[in-house]
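Some notes on the structure that comes next.
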């Protein structure tokens, strides 16, 4: 029903077969109906295809899993379990998520990435250590951890079977598994077995690996490594077994392949001096290395590889001589291959004499040339009666030579393996082991021979064991859950195994054919055909070949070529050749063949000598020859394989299947065809098929309820989850065969989870649609109402505005019309008036103009007539004169012409009549024409004469007129002449004026030009000056700005540089501290190990003689009980032991010496780090000292003055005592004459006084100089504590001064009543010198007191004057400010301000007087207290009673007592006195037997530290250094013992950390002098306790962190549980006993309250909290990075909520300044990364800027692991991840993926003085310290 419903969905996705991609995804375009033969599908590229169903089966295509199931960690978690689902899941994880490991039930599928990945570091190992296999992402470390835990839990040996094709990564996987075992079992610092096993890799790769067509470093043998463990499950040794070395490769290689690497390494290094003797040349010159025609591997340097191989030999104990022996054997094999064998005849062959290669072979192998050349071409035949020698034909001789070479190489291989096993052999008894099987996978090539047959046979056996194990696990699971189950039909390959190994099987027939004298490959093939063809379905014969056969293996059909099977199976080596080699002088060769006479045992077969051949020498009984009892290669391999299977069956197997993604070694490139081929071959698909046949999907009831709660109604939810799930499933899935109810789980058939997921998705989708519908309706309605209300409001306002605008427009229109009317009227009237006035003006002007023009015209016409008249007359006269002259000239010319013509005519006529006649021909016409012309000229002349007459008449009249006019003009001329003269004078005057004007104008112009030029120049100059000024201002501003910027920049740079330098120094200091503390931790581990070894030595070693002790000068001062009192302890031990003799047991002294050397090195490193730490601290102090130098200068002066004052006071007190004694002496012995002035004694006294004064002054100056230097040094080194200590010193000095006065008074009173001493201070009989001395002291005291009083008075006066001056200055400034303010105010405000100021002044004075009064009251009270104390002391001493009871006689007779001046009273307070014998009792009661809980609750914090310090202080007061050292040593050792005993108890560790710090602070606060070593030991002890405290907290918090921070669903309903696979996965549902966030918070609160109760320093508590939060953040982030199921949006929300709760806890405890929140920053950013949008480039930029605390590897890892929990989420695209990588590629950071959760921040102990007075401390009786006396 469910499947049919799934096929009715149009959008359902299916898988269809494809030639290239194997399977393609497609989407249904049409619902499937029963009986449809075609499916209409749409591919992912958009192409629509029609899929034809198989008409016979009508099987539908495979359904595709929902998208949220794609990329699962376990393939069995997929709802649909079939080949395309498996292939697609692996591809998505490998390509998109860059995950190479995937679970498939109990199998780990590992895909070779062909790229180095950062997922194998120690941090990853620590993260997987102790975790369940399903809790973390798939990894080879998870498989190794599962094997390790099962070995320890079940007490059963384990095996990890690593298989796969050549180049799939089998060897690397096995190596990482062994590295994991070595790390978690603690063998790195002891056995180093992993290092030795890994060191064997270069050896085994060089002699067992070769280049093939598929892999450049293919292992041509299988190996099984057993890693042995002791009872504490620590690695103690290893053993290696090898299988089926491919010996045929020694003598033959296919194209593009190579021989074993070691041959090419030797040839490449043949130029080395030590290898010259091998006579090697290039590999192309040897037959055994040139057949593949590929002697070089790209990127591999064979010479360097030989160096690595030789280093590995040396590391495993194979010395240089053995190495050269190995190389000789290998070189001899190469030379043997070049030995040329020629035909002698058809049945025999021969080696030419003096063959160079055979000669070298014999020299290297130490055999004779004649024997070897003879037996290479001959063999010995033995019959019943005789023995004879038979020659070889050439082909058989070549085969014998190659067989010998293979045999020698196999022997050498076995010998090397044996020596590797010896190096890895364990000296301790093995308790259990884990085996790692690195074996070849299923192989099929174009030509498959005997080697492939054996390999596939082994894989058949392994596959059968694998199938049985999987079936067994399935059966156990069903039985445990008590559900009915039926036998699952799985592929059983036992028939194939029987075909190979059963009686009359392939191997049996092969061995039988090998025993036949004339057996061949062809006869064997015929036997196979006759025996198995058509009788066994798994055996077939090729159609076109009679020398091959086909076997149907579990993975695929393989065709084997029969050629070479018999030869390889026989592995024939002739005894005579072996005998020649045994007679060699070469020791290694003899050692290789020394076991030839022994039979091959099964154990020998399993240790690698699979091809060992028993060749025995000739014996008497020829019937029992070794050849008859030889074991063939097939037989040996079958036996060794059987032993391997027995070993695997006796262990719990774990499977790792390595997949080769492509044949081209491209990183992260997936070839589906190759992958499917390997998945079919390695059994992964068979596992899927077995799982799919049963119930592959399994849910716990709680997980099912949490996931599918949305499918239930409220009435369906019952209190019983199991019953609820049962009821819901019966409603959802009708077919009850599709599921089964177990005890704790629900089992589903394949596809049912997908159906449930579809129902859940549909329900969620419907709910989402309903929510979206309601919300969108609500949003749109709200939007509509808002829009409607807004529209109405806008309409109201718009309509009102429009109405107002209309009214305004109407008013404005009416007003405008009125204005226009009057304006237009006014404009028209004005325009009319202007036009009228203009017209009148124009008329007037025009008329005047016309009249003037008319008058001028008349004048001009009159004058023109006159001018015309005169001109015309003159012209007529001129014309007349010219005409007359022309006429006369014309007449002359005509007359001359005529005369000439007449003359010519006459001459012609005279000459010739005929000629004349001729001439006259035609002249008649001309004459007539001329006649006409003459007539016309006559007419013209007549006309001209008429005209001339007229002209003459006119001329005469005109001449008359002209004469009259001439007369008039002459009169006018006279007038004009007169006028002209006048005009001339006027013109001259005018010219002069013009000249003056021109000069003036020229001067003006010059002046103007000059002015313009000057003005232009001035303006230009001004503009230039302005520009320059502007430029200068700009430059000035730029310079000022630049200066400011540079100053600011320099300031910022200096500040930045200072900050950076400070940070760098602090960082270096922290690093040095961290290194030092890490070394201290390592030192403590070694110390503990040293103690354990010493305890073991006490049981095994002979006790040394008394008095002989070994002392270690390299012991550090912080070693436990061997530091101070080791001598006494050893002496006591020796005394208690006595002279007993204990039998001596063997001791590993090498390990003991190594540990001792390591301890010495660690101590040296520790000392160097301590020196470096001191240097860094001094550097920091110097930097800070320069900043506070000015502040310290004044403090140094005050300190100097204080020291000087103390010195003078001490001198005054001494002089006062001396004066009292002198007075007593003088009072007892009156010597008035002695002190009289002028007396000799007086002079001597005066001289001594002067000299003493001088000496005193010199001494005082020296003392003051020294003390000032001490003060300056003290200021430089401890400037931070200067003021505090100065205050303490000042208070102590003040108290000492007061108590000193009291003591002095008491002594004076006491000494008065005592009798004078008789012999005391008497230097001579008269006591003169003593009196002189006393007088000198008295004088000195007087002078000093005067000097002191004067100095004090002067200083006080100067100080008072300075104070007054400063107060006057301040008062003056205030008055000036007040005056300036008052001047700006009005008179009334001014008066009020002055009154206010006066009131303020009087108030201040009143306050000053009150302060003075209070000081005086305090002084009076202090003096009263001193007086009371003085009276009390006098009363206690009974001075007055003594004075009354003592008589003068008694005073005289009292014996003389030395003056005992005790210490000051304060030195006797705050101390406890104890006896030396009570020291052990003190340590026992106060440290070893003390319960921290009772002390912390009932007594004051730090009480043991105070008591120990007060005892130490008393010992220091007594100057008993031995007692001080003993108490310190006992205290330190006691603390270490209690920590060693109860180091796992948090309260104990916290209690003693608090007390140790308090002890250090007391030593510093009260300046108790201890040795530097003691101080360092205490500091190291505090660091050790802090680190122990961190470890205890880590062990307590570790089980809580992952469950509380990640797995627990803090916000209920946000996240859902995805379908699980076969592996157990930790549920996020809170069950009983699981940890939650509240558990973590409660534990943190418990830690905090405990530390506060113990009185731990607040700064130290902050450091502890910071370390706790770092552990929480690091562990959470590391698990997040290693768990794909935790990388989702909902989980990010949960993490952020949990972090906010942790921050709230910090706020409640006032610890926000501890830096704990900053340690959670990477976790916060990872949670934000899970929730932010991850699509566009803007999102990528935001992520890069946001995740600055995460490394690039961590960001990419989170994005790759991001997994949608619901269908509504989307995966992160590969393109987006690449964008992130490109943006972050410039980051400089560590490539480490995980955070170091074991990192401990360097701890510091800031000085925190105690406010508790030591005098008030009382010892409670519960501590049983009654032997302490309070001093």
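Placement of Cβ uses the backbone N, Cα and C atoms for every residue, glycine included.
If you look up TrEMBL, you'll see 9-61 marked as domain 'Myosin N-terminal SH3-like'. The domain 'Myosin motor' annotation in TrEMBL covers 70-761. TrEMBL lists 164, 165, 166, 167, 168, 169, 170, 171 with the feature ATP binding site. The region 'Actin-binding' annotation in TrEMBL covers 641-663. Under the heading region 'Disordered', TrEMBL lists 1104-1145. TrEMBL lists 1116-1127 with the feature compositional bias 'Low complexity'. What TrEMBL records for 1134-1143 is compositional bias 'Basic and acidic residues'. Taken from TrEMBL, the feature domain 'Dilute' applies to 1529-1786.
Locations of recorded TrEMBL features on the structure.
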{"residue": "164", "record": "ATP binding site", "CB count, 10 Å": "27"}
{"residue": "165", "record": "ATP binding site", "CB count, 10 Å": "24"}
{"residue": "166", "record": "ATP binding site", "CB count, 10 Å": "19"}
{"residue": "167", "record": "ATP binding site", "CB count, 10 Å": "20"}
{"residue": "168", "record": "ATP binding site", "CB count, 10 Å": "24"}
{"residue": "169", "record": "ATP binding site", "CB count, 10 Å": "23"}
{"residue": "170", "record": "ATP binding site", "CB count, 10 Å": "26"}
{"residue": "171", "record": "ATP binding site", "CB count, 10 Å": "20"}
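Same-chain residues that are not part of 164, 165, 166, 167, 168, 169, 170, 171 yet have a Cβ within 8 Å of the Cβ center of the ATP site turn out to be 112, 215, 441, 658, 660.
Counting residues per DSSP class in helix, strand and coil order gives 9 helix, 8 strand, 6 coil for the region 'Actin-binding' (641-663). Model confidence over the region 'Actin-binding' (641-663) stands at 90, taken as the mean pLDDT rounded to a whole number.
Broken down by DSSP into helix, strand and coil, the domain 'Myosin N-terminal SH3-like' (9-61) contains 0 helix, 24 strand, 29 coil.
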